[in-house]
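For reference, the structure discussed in these notes is given below.
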Amino acid sequence: MVVEDALKTSASEDQAKTETNPKPREEDDEPEEGEIVGDEESASKPSKGIAPESHALEHSWTFWFDSPAAKSAKTKQEDWGSSIRPIYTFSTVEEFWSIYNNIRHPSKLAIGTDFHCFKYKIEPKWEDPVCANGGKWTVTLPKGKSDTSWLYTLLGMIGEQFDHGDEICGAVVNVRNRQEKISIWTKNAINEAAQLSIGKQWKGLLDYNETIGFIFHEDAMRHERSAKNKYVV
């Protein structure tokens, strides 16, 4: 509850700062897609020291970035995932907002970009041991309309708002030509009760009224785009 309140407070403070200082960042000063203003070493390690006023999260989380340019050079299926790179790991509410407020949101990312937020030491790949037996829930949104849903998904995960939060590996937003998709990856696909609980709670967090489906990673690897939903809510 303390962390959840801190997340809400930080969000309110951020909005207030925006309203009192509406001058936009100069174009030349904007970070590149996926770029974080800060030390590159922090991409692979959670912060060691937590200031007394900081609010520690239950888990450390890492943002990962997969750019269209990097993916275009990968033509073989076995190369899938090799272009994904970590950009920052955070362990507190304050670190999260510091990062989130200094990176481009989904609506500002190039078409073809995949942007991930996964628990520390879990890679956003089917081959990762923690993800291997899992699956994913996916919501589809109109082009340029995923920013709020992406933020609420992040806050729901890092704020431990899911009853089966231990099942969650992370989330990814996929920016495409005509639409954007957000997916939550989970660990144990055959745990139907846990997956259905996550799907229902996620829809509630997003106030999303369309039906969403859950696909096993194993089926996605075998059948790719023709993989069928195993669960729906």
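Any Cβ shown, glycine's included, is placed from N, Cα and C.
Feature annotation from Swiss-Prot assigns mRNA binding site to 76-81, K108, 126-127, 176-181, 221-225. In the three-state DSSP scheme, Q179 (mRNA binding site) is classed as strand.
Look at Swiss-Prot and you will find 14-26 tagged as compositional bias 'Basic and acidic residues'.
What Swiss-Prot records for 27-41 is compositional bias 'Acidic residues'.
Sequence-distant neighbours of C169 (disulfide bond): residues of the same chain at least 6 apart with a C-beta under 8 Å from its C-beta are F118, K119, I122, P124, D128, V130, C131, G134, W185, T186, K187. Per Swiss-Prot, the feature disulfide bond maps to C131-C169; the stated evidence is similarity to another entry.
Summarising the annotation, Swiss-Prot assigns region 'Disordered' to 1-51.
The region 'EIF4G-binding' annotation in Swiss-Prot covers 55-58 (among others), and the record cites similarity to another entry as its basis.
Residues or ranges marked as region 'EIF4G-binding' by Swiss-Prot: 65-104 (among others).
What Swiss-Prot records for 152-161 (among others) is region 'EIF4G-binding', and it gives similarity to another entry as the kind of evidence. Sequence-distant contacts of the region 'EIF4G-binding' (152-161) (same chain, six or more residues past either end, CB-CB distance under 8 Å): 3-4, 7, 11, 57-59, 61, 93, 96, 100, 117, 168, 170-171, 182, 184, 201-202, 205-206.
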Other C-beta atoms that fall within 10 angstroms of the C-beta of R176 (mRNA binding site): 13
Lowest local Cβ density (other Cβ within 10 Å) among recorded positions: C131, M221: M221
